[in-house]
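One structure is given below, encoded as structure tokens.
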Amino acid sequence: MNVQQLKKMAALKALEFVEDDMRLGIGSGSTVNEFIPLLGERVANGLRVTCVATSQYSEQLCHKFGVPISTLEKIPELDLDIDGADEIGPEMTLIKGGGGALLHEKIVASASRAMFVIADETKMVKTLGAFALPIEVNPFGIHATRIAIEKAADNLGLSGEITLRMNGDDPFKTDGGHFIFDAFWGRILQPKLLSEALLAIPGVVEHGLFLGLASRAIVAMADSQIKVLEPFDF
């Protein structure tokens, strides 16, 4: 099975947890892009849900496939958030934000009673950090913010390249108008301390470490099995 087929398997399994009248968070990324059309089929067959999307692209997909969309302003508490991940580490710690929607993804996850991560087995890691950590920053004073990030990382024994994410010749902008640094630090052995250090920097808006948010991971394996994991399974 190829990776896209595995992503679709995980998305199909996630649908089993969606019930009538649920308020759903809809994440972003390639695996969620497989989930949205499948959810649209269920809606067309009578499933009643209301959804909040974490990115403009996911919202557009929901409209395309007939998935009802609302906002957190109208429904500030959600039953279930379905999202992907760039890495799934010990105790279901995550790195997210490769697509640039990390701030909205974290807001929606925090507003949800449960967050289920859907992924293929390539996203499972023993230690976070092989995937670059996205750090969303305010455009004002980004060079000063970068220096502060480097110092915070150095204090935790982390070193490596920090690059400003680009979109052609211009900096990539998030839906919220922020920029993103991608930090290539390798193994992140103290994610909680790193999270606290980054959030203490005034120019940092949010980062891609999702700690204590995911309650289950639905992982499609290469042998066609699907594992439904909880944090203590890691």
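First residue shown is number 1, and so on along the chain.
Cβ coordinates come from backbone N, Cα and C, glycine included.
Same-site candidate for substrate binding, as annotated by Swiss-Prot with S28, G29, S30, T31, D83, G84, A85, D86, K96, G97, G98, G99, chosen from K123, K126, K151, K173: K123. Of all the Cβ atoms in the protein chains shown, 31 others lie within 10 Å of the Cβ of E105 (active site, proton acceptor). Sequence-distant neighbours of G98 (substrate binding site) (same chain, 6+ residues apart, CB-CB distance under 8 A): G29, D86, F131, A132, P134, G208. Cα distances from E105 (active site, proton acceptor) to the binding-site residues S30, A85, K96, K123 are smallest for K96.
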